[in-house]
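To keep things clear, I will list the structure first and then write my remarks on it.
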């Protein structure tokens, strides 16, 4: 028994070396496809095993268990489940744009159902799969030993069509991943033909032929052309894909929405479940139900809540909330012909394929030329035999060593003599001179053509173009499998604004916010608030009647505005939540809470005595962080935000000075500190009231509403100091107690 050898090595170095070996194995032998044939090793071994089993399109099917057994036994020493899953995917028409395997039996569904066990299903190769391995028996590719040195397997497939782009690929390796969507083969062929004639073509030139991905499940790509082109230029990006739908008119003016195509790699059953959950949670109130009427084709029927619902708005809400709109990633990270993985752009991938085809045709031509030369040598011998048949037969019968004598007599090689001696007498007697001459002539013509191809690059590229055109004809846009399935429709998502309130049922509500910042929502108006309980030391501060479709404006003491959808506020008497969980108000106080009304003028004022008017449309915040509107100096606060519903404004400060002036003296601004409303020293502005001058000035003294009709003494210009308020004005210097 051999004695074990122990070495002292650095643990970190040993670990890194082994991890690197594992990473390289994962990248090169498992996860990333080869740019030339678009296959990973497991795909290549599976298809080659099927070729060895003669599972051609015109042959019978064989059990998948037999195929998987051959693959794991001869070529791929891994689990049978992984190999069978690969086989199943290559047969699924909703997974591959051009399926490589023709499956018979249950191979799963777009609902996410699993395929039947391999002992029940059968398979064979498709026509397009045969194109991947066409001429593999003509020394077009290198072979290497299998894992146990018992057989040989191809290093690469000849690949008569660009399978990498046609069927796409995806995989996750160590530290890198790939995600290539499928494309239309007819368009790829157009791009290849153009690239042959214009080797210096760029991505923008190629994109005149390749519009973008072509998914097996169809759908609509809504990205702009410049976004698509940018993704193919860098080799990285993404595409937004939407479901295809149509409006079906029904009786009595009603209608239903029918979805006929869904995004690539979206499971139909999970999509329906997702919509059903949203329905249950009342997140999409414009629809009443969804049902699946699919057979071999997809048909999802969505019923609107009533016929007044705009189908476009209904679908926009579903696109926003569900996988009816999905994002497909693009990461063209592949193993190049030099066995180095890298991200390529669309032109580089096509160029690699063309170089591969050039090499394949060169090797095939060399192989065929050698075969022709060998056959010509044999025909030369057969002609000699035909002309000297009796003499040769006599030598064979009479001489002990006929081989040497025939070589010397007819000046032929040892190999040629072996042909004569290994040919049966009956075959020699049936030789016909004209047949030998015709075959010799035909072979010489073929030899001349092959030699011309090998010597002249232009002739070689003619053959490449001819074979690409042949594939293009076979899978053209006028064929069932070749017709483009995914269409394009530019939708500018940056400017697209969906009115979320259109999806909410309009109901009356009452919003209550306490002094400590706890907010809750009660159903209805004129609600009995006596039963509402607050924490010790807390009490109600704001009570607002609104509707579930309203937007609520929250103004902080630092002049920042926050926007909430009324329907998003917690419902119920016992479900108050802190305002800090809904908006990022921090430790600042709430100055006011208002119901948003479009184009309404609001008056903002700070304790420093400044203020301005702002349009309500300018204060809507799109994020939880809010929007800063009024700039407040340190030590001061925003004291009020009021809707402008009068022609005059009254200001009262700590020095107990009251000033009334026309509201038109205050400018409208979008943001800032504002202008001086009332001038004072060593004091702060405490309160403001907007009213109509004709009605007089009113205030609440804690007992009843007081009204002062004669306000002439308090009138002035904006920025004045003001005078003492009327007798009976509250001592706290506020218009409401």
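Backbone N, Cα and C atoms are what each Cβ position is placed from, and that goes for glycine too.
Features as listed in Swiss-Prot:
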DOMAIN    32-496  domain 'Topo IIA-type catalytic'
SITE      40  site 'Interaction with DNA'
SITE      76  site 'Interaction with DNA'
SITE      78  site 'Interaction with DNA'
SITE      119  site 'Transition state stabilizer'
ACT_SITE  120  active site, O-(5'-phospho-DNA)-tyrosine intermediate
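Sequence features annotated in Swiss-Prot and their locations in the structure.
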| residue | record | contacts (Cβ under 8 Å, 6+ apart) |
| --- | --- | --- |
| 76 | site 'Interaction with DNA' | 41, 42, 45, 46, 83 |
| 78 | site 'Interaction with DNA' | 42, 72 |
| 119 | site 'Transition state stabilizer' | 63, 64, 65 |
| 120 | active site, O-(5'-phospho-DNA)-tyrosine intermediate | 105, 106 |
Mean pLDDT for the domain 'Topo IIA-type catalytic' (32-496), as a whole number? 91
All chains considered, the count of other Cβ atoms within 10 Å of the Cβ of residue 40 (site 'Interaction with DNA') is 21
Once the DSSP letters are reduced so that anything not helix or strand counts as coil, what is residue 76 (site 'Interaction with DNA')? coil
